[in-house]
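Inspection log for the structure reproduced underneath, given as structure tokens.
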Amino acid sequence: TMSMLWFITTLAITAFICSSAYAYDNNPLQDICVTVNDSHASVFVNGKMCKDPKLATANDFYFSGLNVSGNEVPGFGIAVKTVDVNNMPGLNTLGISLVRGDLEPQRIVPLHTHPRATEMITILEGTVYAGFLVPDPANFFKSRLFSKILNPGDVFVFPIGLIHFLYNVGHKKATCLFYFNSQNPGLILIPNSIFASNPPVPDDVLAKGFQLNMTEIAQLRKKFS
């Protein structure tokens with residue numbers, strides 16, 4: 001049931017927050033550092049201005065609306081809603097952020113990486129095939145795939161910086177929660193970064209690196225640009 005799924009999700013969030021005591025972000029030297037758009041009455045910490053702690057309110061540590069899907073990302077078949085320092089100011093310096101994702105059937109979140117965070121996912125609805133790649137220490141040219149078919153209530157983790165993907169293998173929309181032990185995990189989409197860079201990576205570099213011909217490279221540039 002949905003109540004059981006949210007109970008499992010709460011347990012997952014609690015475990016993740018407890019583990020984030022040693023998160024990748026620097027540990028804060030103050031209890032709270034709520035962001036504010038006022039450079040005349042604040043302190044600059046972690047790239048944000050922080051209000052006087054005496055002026056902080058409970059609403060600075062509150063967000064509502066994660067029970068509904070967010071904005072669709074054009075071309076990817078996924079809608080996302082993010083809970084981070086930009087819409088929950090009290091998260092600043094706490095080293096954690098959260099995303100809800102709703103992935104359409106047979107659509108994929110392509111190979112990507114978050115350079116500054118470990119990612120943990122919980123499936124609320126649907127069936128998702130998820131995996132990440134670990135370099136093989138015995139063979140520089142190979143990697144090992146860790147993957148699972150995930151169903152509602154399942155939790156999976158992608159270690160920091162490793163390339164990973166999500167694929168909705170079911171016949172209905174999949175709803176997932178993604179937790180990051182950074183307030184700014186970063187996102188590098190591997191195909192787009194390679195074939196849609198500005199300025200572009202030279203064609204001969206791509207041809208030799210991926211053993212492609214010029215026609216195939218042109219098609220990939222068009223697809224990912």
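All residue numbers here begin at 1 and follow the chain in the order shown.
Cβ coordinates are placed from backbone N, Cα and C, and glycine is handled just like the others.
Just so you know, TrEMBL annotations never went through curation; they're auto-generated.
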**Bond partner of CYS33 - disulfide, per TrEMBL - picked from CYS50, CYS176** = CYS50
**Complete:** Spacing of the two Cα atoms, HIS112 (Mn(2+) binding site) and CYS33 (disulfide bond), in whole angstrom, works out to 31
**Request:** Let me know how many other Cβ atoms fall within 10 Å of the Cβ of HIS114 (Mn(2+) binding site).
**Result:** 22
**Message:** Can you name every residue in this chain, apart from HIS112, HIS114, GLU119, HIS164, with its Cβ inside 8 Å of the center of the Cβ atoms of the recorded Mn(2+) site?
**Reply:** THR113, PHE132, PHE158, LEU162, ILE163, PRO185, LEU187
**Prompt:** Do you know the mean pLDDT across the domain 'Cupin type-1' (64-218)?
**Reply:** 95
**Among CYS33, CYS50 [disulfide-bonded residues], residue with fewest other Cβ within 10 Å** = CYS50
